[in-house]
């Protein structure tokens with residue numbers, strides 16, 4: 001990738017040259033350090049369980065991008081991309097490096113982000129905690145040897161000091177916690193939080209800037225490939241079935257969360273998976289369960305005195321996680337890349353019960369739904385939610401997008417055209433009524449519909465437009481009841497369906513206003529009932 005290599009500051013150089021900065025330790029060496037430092041506990045599965053302390057998830061209100069003249073006009077500033085000035089950043093950066101210099105040991109990893117060498121980012125990760133260093137080794141791409149690692153000249157450096165607490169009045173932060181990205185200094189500075197996912201998502205945010213600036217698409221999606229080389233992408237927010245549907249026995253996993261799309265095809269940005277572990281069972285999700293073995297990091301799970309993990313126990317958080325290298329999964333492609341996609345699936349869990357279980361999208365509709373990033377919050381999942389609420393996350397990944405969302409949508413539209421990609425909207429939510437009245441669409445039906453779409457079986461199918469959303473719905477599909485294909489037929493009262501559909505359309509349109517007049521054409525040609 002055409003990114004200048006990081007110009008090492010004297011303080012960074014000094015840190016890296018210290019004998020106590022332990023470079024490229026093996027998994028076993030890190031296990032010993034984790035246990036000696038009381039950073040985690042060994043489980044009977046062979047995995048290490050670590051606590052992230054006070055913060056069991058990301059801290060989006062504490063994430064900043066340094067405002068620097070060379071790129072400040074490119075950033076989509078706002079609540080997600082908060083500005084911090086360069087002098088404030090450099091002062092805090094210096095304090096963190098001084099703090100780390102006093103530590104008995106540091107842990108250093110060199111690796112890569114991006115499995116396609118044409119667009120690969122070279123990384124150095126400096127960690128205060130040994131388990132964070134193993135997390136980094138699991139989530140990023142490991143060099144083949146220590147010798148290769150020692151020759152890496154990083155394009156970006158992560159400096160992670162979770163036990164360093166910022167003073168907001170002095171350091172210009174909002175709290176003791178900070179995640180600061182500087183594109184000029186090629187650095188992600190993290191402090192005040194032990195949540196390891198900040199490193200993973202920090203690099204994803206960096207790639208979401210660097211790749212599109214070179215007209216390469218970056219995507220928050222999972223991807224798999226069939227025996228004939230046919231590639232499918234799955235976009236979807238939490239609870240839509242992205243992990244479940246992309247883990248198909250007859251297809252190989254490219255990656256489960258972050259991908260790029262360049263002139264060569266699809267490539268995984270990561271070298272590992274960061275799977276949700278709450279309520280995990282071997283019966284329901286064998287692929288993930290079996291990946292939890294020696295080398296895996298578990299976060300915030302409950303472990304008894306015998307080392308047995310209770311995946312159903314949410315005493316610490318609902319956001320329990322398992323971080324493991326992708327080679328812990330059997331059914332994968334290595335290196336994690338493949339050809340251009342044939343099919344894109346947008347997953348949504350519509351708790352209003354009005355979207356069809358599957359619909360084929362035009363390019364404009366695809367761009368509209370990509371920008372919208374819709375799913376539903378359900379009653380009981382968040383405090384105070386008693387009725388279904390729409391949830392919109394731009395491009396299915398709003399917290400990680402430094403650029404104007406229209407940039408990502410334009411790139412997607414160009415690639416859909418160029419590679420003649422079929423795009424489908426798949427509703428894994430409700431039918432026959434909203435949540436509490438209707439019923440969840442059967443996973444059996446959803447799997448079948450997705451399988452048919454991916455295998456190209458719907459290319460020559462007969463479609464009809466639904467009256468409210470203007471979406472193209474298959475008139476029939478073997479093994480799927482006709483009554484659910486067109487959602488109005490699944491409701492006992494069609495007038496109630498129309499009223500509920502109108503309500504959801506209004507919410508979509510209200511949300512879409514934030515994208516401004518430059519997307520007026522997408523709204524007119526890709527919006528509803530067009």
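The backbone N, Cα and C atoms fix where each Cβ goes, and this holds for glycine too.
These features come from Swiss-Prot:
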type	residues	note
BINDING	58, 195, 201, 321	substrate binding site
BINDING	201, 220, 236-244, 285, 321, 440-441, 446	ATP binding site
BINDING	201, 220, 257	Mn(2+) binding site
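Positions of Swiss-Prot features highlighted on the structure.
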residue : record                 : DSSP (3 states)
58      : substrate binding site : coil
195     : substrate binding site : coil
201     : substrate binding site : helix
220     : Mn(2+) binding site    : strand
238     : ATP binding site       : coil
244     : ATP binding site       : helix
257     : Mn(2+) binding site    : coil
441     : ATP binding site       : coil
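Of all the binding-site residues in the list 195, 201, 257, 321, the shortest Cα-Cα distance to residue 244 (ATP binding site) is found for 257. In this entry, substrate is bound by 58, 195, 201, 321, whose most widely separated C-alpha atoms sit 14 angstrom apart. Sorted by the number of other CB atoms within 10 A, the binding-site residues 238, 240, 244 start with 238, the lowest. Between the CA atoms of residue 257 (Mn(2+) binding site) and residue 441 (ATP binding site) there is a gap of 24 Å, rounded to the nearest whole number.
Here the binding-site residues are 220, 242, and the one ringed by the most other CB atoms within 10 angstroms is 220. Residue 441 (ATP binding site) is 32 Å away from residue 201 (substrate binding site) when you measure Cα to Cα. The Cβ neighbour count for residue 257 (Mn(2+) binding site), using a 10 Å radius and every protein chain shown, is 24. Calculated from their C-alpha atoms, the gap between residue 321 (substrate binding site) and residue 238 (ATP binding site) amounts to 14 Å.
Considering only the binding-site residues 58, 195, 220, the residue whose Cα is spatially closest to the Cα of residue 441 (ATP binding site) is 220. For the binding-site residues shown (58, 321), fewest C-beta neighbours within 10 angstroms: 58. The Mn(2+) site, placed at the center of the C-beta atoms of 201, 220, 257, has further neighbours from the same chain whose C-beta lies within 8 angstroms: 200, 204, 258, 397, 400. The substrate site is defined by 58, 195, 201, 321, and by the 8 Å test on Cβ atoms against their centroid, the other residues of the chain that qualify are 57, 196, 197, 198, 200, 274, 319.
According to DSSP, residue 321 (substrate binding site) is assigned to a strand segment.
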